[in-house]
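K.L.:
Pasting the feature list from TrEMBL:
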SIGNAL    1-19  signal peptide
DOMAIN    34-419  domain 'Sulfatase N-terminal'
TRANSMEM  199-220  transmembrane segment
TRANSMEM  226-244  transmembrane segment
Amino acid sequence: ASCFLLHFRSPLATPLIFGLLLQAPVTQLSITQPNFVLLLADDLGIGDVGCYGNDTIRTPNIDRLAKEGVKLTQHIAAAPLCTPSRAAFLTGRYPLRSGMDAINDYRVIFWNAGSGGLPPNETTFAKILQQQGYTTGLIGKWHQGVNCESRNDHCHHPLKHGFDYFYGMPFTLISDCQPTETPEMDRAFRTKLWLSTQMIGLVTLTAVLGRLTGLISVPWKTLTCLAGFSLLFFISWFSSYGFVRYWNCIMMRNHGITEQPMVTDRTTSLVLRESISFIERNKHKPFLLFLSFLHSHTPLLTTEKFLGRSRHGLYGDNVEEMDWMVGQVLDAIDKEGLEDTTLVYFASDHGGWLERREGERQLGGWNGIYKGGKAMGGWEGGIRVPGIFRWPGVLPAGTVIDEPTSLMDIYPTVVHLAGGAVPQDRVMDGRDLLPLLLGTVAHSEHEFLFHYCGVHLHAVRWHQRDTGAVWKAHYVTPTFSPPGAGACYDRGFCPCFGEGVTHHEPPLLFELSQDPSEAKPLSADTEPLFDAVIRKIGRAIEEHRRTLTPVPEQLSVSNVVWKPWLQPCCGTFPFCWCDKEGDN
């Protein structure tokens, strides 16, 4: 191997160098600052990937990453939904520490024109790498908010959080972005609003007809007020929900809007083109590329070349196209001769969405042997995700690690490799994974992981290192509907609190190394250590809660609602429309 000059400014430098030098067959290895390519899928289930057991969806490029690198089998998202999980990924902290988890049913950013988002005082790994001389780019999905007080303050924008370049959606894909699909956003609430409008209109019309026929005596002034109220009620909600595609389905380059609404037929090609271009532009200096896929979230944007290719309908087609995109990015890295100096990471933000279907079409992912899925804060299917690292010549190829790890661990791992230091003025929940990936340590640093649904603690995992046991206690679980269905099909999402959950006292206890599907809860009668384990986890919860401090709730109703004065607009509001990609 060629010699490089080592630039580590971390206190972990000495043991890290020693660990690296032990790795065969590299005889002499040193590192400057490696490039980072972080690939994050959207709503991808762990059971959707070949190297995690799927033999019917073809993912040869993701499988290649696992073959050439390290596969984590117990990689855990900090939340079962997009916004809070990604906030934790970016900050290395549980999302409730930054106010990015919800106390209500609005558990994600709902509008580009909401005022909530990743707070400016949070320090992302991109910001630290930027300070270390890296060029940082985010391509794809953001979903961490845009504005705070005015249409262009961009206080939550990626460029305010350490990224030098941004191309993609400030929001997230939803079926409303595809005119041919059934609207998805707030579907039940919109139905109630429409029914209420019809009822108010019917009352108004009945009163007018009664007045004209003399059947009832209602002053015209009252009827005028009633008609005005009906119109205002309709306008008040239709001005937001009637234009979801224009308000939320937009594409941006840095601070400027390029498409409003987005042209979905070309989104995939543009995201891939931007990703490869970023690598080519920055090949001569350290860079961080965070490719945040729009795949495999509904409406499952899939180009014609991949339609009908899989054995799992549109969802399978979409996953196979994403895998092809992964291959194109890897080819770009290899073409530029960067494979040995680039750490590639692949994961999903949370588990697959079991309830997402239209008629007979299943549009959500599969979580393999694991119970539950997206939106379920405790069950493994909602939070256990693929996790793969590749760094040729440094990480041992073909390695499988069955230790508890977290998406939050990416933060300290990349920061230390870049020569930076994690913030010391706040609680950090992520742990540096490099010693585990290199094999210089046998166990993960995570003794406990806390599994939240919104701000509600649903379950806790305890890794008992001396025995290898992984205990998991569920204090709250969603009530599946219909009963025994394995998901909340009647609701569309499983809730975190209220009538849709069941509280357990004593908690449900599983030993995941023996029962990964969480099929057989243990009890004091069947498990001699039951009481001791529950006490141990209870003490850990008390200690964990002492580290929490009150912060502003970014997903409060007042922050989540649509505010016309915050709406990003390409034009003069409300006439927001442009297609700058088409113009080019």
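Yeah, the Cβs are placed from backbone N, Cα and C, and that goes for glycine too.
Mind mapping these onto the model and telling me what they sit next to?
P.N.:
On the 0 to 100 pLDDT scale, the domain 'Sulfatase N-terminal' (34-419) averages 95 in the predicted structure.
Long-range Cβ contacts of the transmembrane segment (226-244) within its own chain (Cβ-Cβ under 8 Å, at least 6 residues beyond either end) map to 111, 174, 176, 183, 185-186, 190, 193, 196-197, 200-201, 203-204, 207-208, 562, 564, 574.
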K.L.:
Which sequence positions outside the transmembrane segment (199-220), separated from its termini by at least 6 residues, show Cβ-Cβ distances below 8 Å to it?
P.N.:
226-227, 229-230, 233-234
